[in-house]
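Record features, source Swiss-Prot:
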- 1-31: signal peptide (SIGNAL)
- N74: N-linked glycosylation site (CARBOHYD)
- C82-C109: disulfide bond (DISULFID)
- S216: active site, acyl-ester intermediate (ACT_SITE)
- C270-C286: disulfide bond (DISULFID)
- N272: N-linked glycosylation site (CARBOHYD)
- E346: active site, charge relay system (ACT_SITE)
- C430-C558: disulfide bond (DISULFID)
- H468: active site, charge relay system (ACT_SITE)
- N486: N-linked glycosylation site (CARBOHYD)
- N536: N-linked glycosylation site (CARBOHYD)
Amino acid sequence: MRYSLLFFIFLPCVITAVDLIHLHDGSPLFGEEVLSQTGKPLTRFLGIPFAEPPIGNLRFRKPKPKQPWRIPFNATTPPNSCIQSEDTYFGDFYGSTMWNPNTKLSEDCLYLNVYVPGKVDPNKKLAVMIWVYGGGFWSGTSTLDVYDGRILTVEENVILVAMNYRVSIFGFLYMNRSEAPGNMGMWDQLLAMKWVHKNIDLFGGDTSRITLFGESAGAASVSIHMLSQKSAPYFHRAIIQSGSATSPWAIEPRDVALARAVILYNAMKCGNMSLISPDYDRILDCFQRADADALRENEWAPVREFGDFPWVPVVDGDFLLENAQTSLKQGNFKKTQLLAGSNRDESIYFLTYQLPDIFPVADFFSKSEFIKDRQTWIKGVKDLLPRQILKCQLTLAAVLHEYEPQDLPISAQNWLNAMDKMLGDYHFTCSVNEMALAHTKHGGDTFYYYFTHRATQQTWPEWMGVLHGYEINFIFGEPFNQKRFNYTDEERELSNRFMRYWANFAKTGDPNKNEDGSFTQDIWPKYNSVSMEYMNMTVESSYPGQNRIGHGPRRKECAFWKAYLPNLMAAVADVGDPYLVWKQQMDKWQNEYITDWQYHFEQYKRYQTYRQSDSETCGG
């Protein structure tokens, strides 16, 4: 009781500055009035709890809604970040550390932040945008500087919400039981969405205009919510940036998830268990007793190949009833308005981590040429492609043929771009295209963008191009933070277009249509299955006006990944091993023996021509 009395004695000035808000369950809280980096006022609430802390026996379980509280909650402190690994590969280089969590790591991390333009007015009913961060489902937090919601909120007059959700094993361990049902991170997101749907009207939000938007694993999460019947009532529109439920890293089958638990159990020295007859009770007991840091330190043990994240959503029969491709084919998803897109150089960022022999850290910032010949390129490709492609010479040859540079001379940058496009198409762009195309074919309105501008404030080397994730800076208005960054006027104009398109979409379902009924200067056409028109998001001097409208993008290459290659793999699987042995022998005969015979025959012909020419000359 003394604590309650002291609380009200020492906090009246804060409470009068920002009035208390009582949630619909009666829980009181207050935030703070702050200024955006552009000098405009807003009200910010940080670290509002939406779930009970998932600690103790709640570790690995679905989240439980936060119980009501009586004492006013001080929502002015950034929340904990969920337990996760940090990127130390490039030391203290800002380009990598900017994605590391910037608040205390804890299992007690299920909180959300709310940004409201001006003062809270429950009668305004503004459109609401819920941000879902990326990070491969193994990292990420709502509090990163690049996700600072102040500029987007005040410049576009929207309410922005950003929630934390559990990542890695804490968010996605699947054991086929209530103590570890899988998809806990997705249930965290859904509980936050329910909180917003229930309470955002008290902050001035319109519960009939709630838009989910996310990037990478956040985009995959958003599209998974589109597939889940559990999520459908709690949002109305969706934006996916460089990720989809059909991305090869986004969802895994149950048997794979269970096998990964066994591998981690053995890696943690809990015992030595066979994959054939595992004891899941013993595995779960080990994980529940383990220190959080021990789990984090061993979380990558099950990973065997590039683009394979250890703990991701699973088709659990509850949150997800079927795989994403089946849902898209049959139209089992929320048909609404969808804004989707990808970046020009999606995978280069990841290649540098995966191929240290090709991209040594010691030379990373001083060199610009790393892949100088076909042999190095093929070696890198083989280190990056999934096993199901590598195990057959036919499928590997098809991929190499599709992406190998042909125009001579071939530069180091050509080889690098070919590798980037191969992996970027496979892991990101083509899956976003697949989602956009399915949504359109089943009657949903879709708008597609392609981000092609390399920012002047980009800290990564110039040869890396337009990286995965770096459209986020423009969407959240970073170029207008002129006290910290030195973007150009053109880049501020580009950021303004990004913010306006995204906010218009949240408000009206159409990036072109302003809330007052007027339209933007440049018209962004709807995406369709025939012309596949998209908006090239870049600075004005690169593609002025309607010249920014393109078709595709990457249409031919995505047809290769989504149609030709799967059909080839199916055909190869049907013919059986004897045919494959014969085919490999035939390939060797054609590529080695015949080539060798042809070489000697050509040499013989040249010799005969030379003799004839020499004879004619001598006899003349």
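Glycine residues also receive a Cβ, built from the backbone N, Cα and C atoms like all the rest.
Within the set of recorded positions (N74, S216, N486, N536), the lowest number of other Cβ atoms found within 10 Å of a Cβ is recorded at N486. Here the candidates are the active-site residues S216, E346, H468. The one whose C-alpha lies nearest to that of C109 (disulfide bond) is S216. Nearest to E346 (active site, charge relay system) in space, judged by Cα atoms and limited to the recorded positions N74, C82, N272, H468, C558, is H468. Secondary structure at C286 (disulfide bond), taken from DSSP and collapsed to helix, strand or coil, is helix. Residues near H468 (active site, charge relay system) in space but far in sequence (CB under 8 A, at least 6 apart, same chain), listed by position: S216, S242, N343, D345, E346, S347, I348, Y349, F350, G424, F428. For the disulfide-bonded residues C109, C558, the greatest number of Cβ atoms within 10 Å around a candidate Cβ is found at C109. In the three-state DSSP classification, C270 (disulfide bond) falls within coil. Distance from the CA of C430 (disulfide bond) to the CA of C286 (disulfide bond) is 39 Å. Comparing Cβ neighbour counts within 10 Å across the disulfide-bonded residues C270, C430, the minimum falls on C270. Distance between Cα atoms for N272 (N-linked glycosylation site) and C82 (disulfide bond): 29 Å, as a whole number. With respect to Cβ neighbours within 10 Å, the disulfide-bonded residues C82, C286 differ, and C286 shows the lowest count.
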